[in-house]
Each structure stands twice: as structure tokens, then as C-alpha cells.
Amino acid sequence: MRPVSVWQWSPRGLLLCLLCSLCLGSPSPSTDPEKRAGSQGLRFRLAGFPRKPYEGRVEIQRAGEWGTICDDDFTLQAAHVLCRELGFTEATGWTHSAKYGPGTGRIWLDNLSCRGTEQSVTECASRGWGNSDCTHDEDAGVICKDQRLPGFSDSNVIEVEHHLQVEEVRIRPAVGWGRRPLPVTEGLVEVRLPDGWSQVCDKGWSAHNSHVVCGMLGFPSEKRVNAAFYRLLAQRQQHSFGLHGVTCVGTEAHLSLCSLEFYRANDTTRCPGGAPAVVSCVPGPLYAPSSGQKKQQQSKPQGEGRVRLKGGAHPGEGRVEVLKASTWGTVCDRKWDLHAASVVCRELGFGSAREALSGARMGQDVSKRYECANFGEQGITVGCWDLYRHDIDCQWIDITDVKPGNYILQVVINPNFEVAESDFTNNAMKCNCKYDGHRIWVHNCHIGDAFSEEANRRFERYPGQTSNQII
């Protein structure tokens, strides 16, 4: 294996990747209930936020202590084993860098290496229980297929604190449901529970609660509502209350992080003397670019500090930059968390932050940063498939069978435009390269629409053209 710091994607390569994954498939799990009772002495659970019931940060209880798994050398094969430990048929993906938030306690496993056919994670190779050089910022997570193993006993799978969780929240208009323009900014607060959508009792409901609900739905702030109108309307309608006692500080990024009390299924006196909680949210400039708002923005003092996002492919994401003394600069990621990110998001006219990225994930500011490392099964195999992690800039290309000579190296990224980008013109590159059996020289590279007629003619005349496979 010899390192070449490029990505090589092509339509043919992508097709081969899909074909190979279909041929290999995922390891066939054992469905014997006795064998699938879980690892002896271990208990497993999925934790973190935000997540669905079949995904999350993997936590293992060993010797009465809960801990996590480091993402070093973690692969889809390890995710298959862990998902089966959790009672699911297989994994559909895995996450790294504490995607579901950092855990606490011990990091039980590091450099976990599984074939994918193991009956238990104890059969996989690792550095040993509790032997790790990672931090919780490297906690691994899994995304399991939402399909349970036949006969699996849930006694080994523990949901966090055995509590119900609020996975989804929406605002439902009290009148004219289905005929309102999007986005809906005012109406009843509804939460999705295992038995369906339910309303929230407004007893003790505060402006802090409304602030959190509006923020998690993408709105920068809340405003007062006509409580008398909604209480009168509530007397004429049937309601299903599933949540009460909501107490938020106001800085939470999600309603599930607030103090909550759930109604019992057999409670017949739900929300006595109360009504459904109602919120009214203020849409940001992205959804309400009215002339009044534009005038208000233009009337700001010239010396006032400004914030912007750069390097993101979608609205509302990017590297945080601040204007001070007529110079744009960046923000250090030390102690950068959801609370701080939410302040920036709301200042820009969005809601609460979904994720606080660190480590210059959206690129560094006038200088470039490349991250190259060996993360286990990682690289491009000629004529087969591409295994990669999206946050690594360098790939390994297997050129074991390539003879010394002159070649053309073509790199195509995102050929079918399946990933949203702010600019697609720089996704293709051609370079002349020379390989002497020990080293590679790459030169005369052209990116995207920079191919001139003269450049293409030079490529056509380049030695090795007839023996080179160009897609």
C-alpha cells in the first residue's frame, strides 16, 4: 500500500462499490434466542441526543459501571455486532466524534476490531477493557436497522433511565389545519409519544418553555399569544394530554432536555383546569424577508459587531466568523458547545443549534488544514470499492499491481450530485503522474472547468494514455 493524498470517485467506481456491498452483504446474525441473550456480565444501551430509538451513542455496563467505546478503528462490522447485542438485526451505519454527544465514565473499549460475524463484542479484538487513550469527544455510535431479532429478550437492553423521551415536537394550528402556509409559527404544542401525538398541559407553562420550542423548530424567538382566545377554543374541542410539568431554563436546545412529567396511561384527570400549551414564534429573515425587517437591519449602527457563517453547503451551517474593527476573524472552539452555538444561530435568525462543530470541521480561515491518519480499513481498492470517512482529507490507493510508467490520474468527487454543495465546478481533477515503482510525482493538475483545449490536448498526447483507464 502506498499513500496518495487524493479522493478518487467515479461513476464506475461508485457502481462497483454498490455491487460489492450487495455481494458481500452484512453478516448473517444468529436468531437463536438463547444465543442472543447478550454478552455475559454486560449490559448495553443507546444514549445521546438527538436520536431515534434505534440509534445513538453505544454505552456498555461492565462491573456495574457504564462506559463508552472509542471510535478509533471502529467499522461497520463492529456496528453489526453491537446492534445485535442491542437486539437489532444489523447496522445500517455508525458515527464517530461523539455525534450523539460525549458520554461520561469509563471508555471501556478502544481500537475495537470485529469481523462482523462474532456472537458477542467480547469476541472482538481490542486494547482490552478500560485501556484507552481516547477522550469522550471520540465516542462511537451506531445506527441500527429498525428491525428486532426474533425472540430477542429486552432484559439486556436498557433505555436511558427507563423514561419516555420526547423525540419530535410540532406546532399544530388550532383552526384551519392543513390550509395554513408553511412554516407554521403559531398553534398548539404537540409531542410525539409511543402511542401517537399528544398535547401538553399549559399549567406552569412559561415563556422559557416557548423559547425552547420555537428554537428547536428553527425560529429565533417567541412572542405572546392571545391566551383568552385559545382557552375559549379549548372548551369546544377534545384534547389528548400526554405531557405536563414542563420546566425549561430557556437555554436548552431541545424540549427533551427540560424537566418533564408524563401522564400515566390510566390517568383520568389530565390537566385539571388547564388547556393545551400554545406558542407563537417569530420567523427569521430566511422565512420572512419582509421590507420592514430589511429596513430594520439596514438601520443598525455601522460600528455594531456582525456575525456570519462561511464554508457551509446549506443555509444555517458554516464556520463562525465575527467582524471587529473592520476585520473578519474566527472563534476558538474551546468550550464551544450547543449553548454557545445556539446563541450564534439565534443571532443569525435561526433557531437553536443542532450540533456544535469543533476542530475546524468547516475549514480553517487564508490557510488550509489537511487531516491524514490511519483509521483502520480506509482507502480505495482498484476495481472494487472505496472505504472512507467523510472527515478525512487523505485516502490510500492500492497500486500494488500497477507497473511503473506515466499515467493520468483522474479524480471525481460526488459524480451523481447526491450530496448538496455550494459549488460543483471543482469536483473533477486531472493530473499527469509518473510512477517509478517506489515514488509518484503528480503535476500539471487542472480542476473542474479549468480544462482548456490546450490542456486537454496535452493530456491526449501524454505517454501512457492508451494503457490508462480513464472514466
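Residue positions begin at 1 at the first shown residue.
Cβ coordinates come from backbone N, Cα and C, glycine included.
Within the set Cys70, Cys83, Cys201, Cys214, the cysteine that TrEMBL bonds to Cys144 via a disulfide is Cys83. Among Cys114, Cys134, the cysteine that TrEMBL records as disulfide-bonded to Cys124 is Cys114. For Cys134, the disulfide partner named by TrEMBL among Cys70, Cys201 is Cys70. Distance noted between the C-alpha atoms of Cys83 (disulfide bond) and Cys70 (disulfide bond) is 16 Å. Taking Cβ-Cβ distances under 8 Å and a sequence gap of 6 or more within the same chain, the neighbours of Cys124 (disulfide bond) are Ala78, Val81, Leu112, Ser113, Cys114, Arg115, Glu118.
Most Cβ neighbours within 10 Å, among the disulfide-bonded residues Cys134, Cys248: Cys248 holds that distinction in the structure as shown. Using Cα positions, the member of the disulfide-bonded residues Cys144, Cys248, Cys258 nearest to Cys70 (disulfide bond) is identified as Cys144. Long-range Cβ neighbours of Cys144 (disulfide bond) (same chain, at least 6 residues apart, Cβ-Cβ under 8 Å): Tyr54, Glu55, Ala79, Cys83, Leu86, Phe88, Thr89, Glu90, Ala91, Thr92. In this structure, the CA atom of Cys248 (disulfide bond) is 33 Å away from the CA atom of Cys134 (disulfide bond).
Cys258 (disulfide bond) sits 30 Å from Cys134 (disulfide bond), taking the C-alpha atoms as the reference points. Ranked by how many other Cβ atoms sit within 10 Å of their Cβ, the disulfide-bonded residues Cys70, Cys83, Cys114, Cys258 place Cys258 at the bottom.
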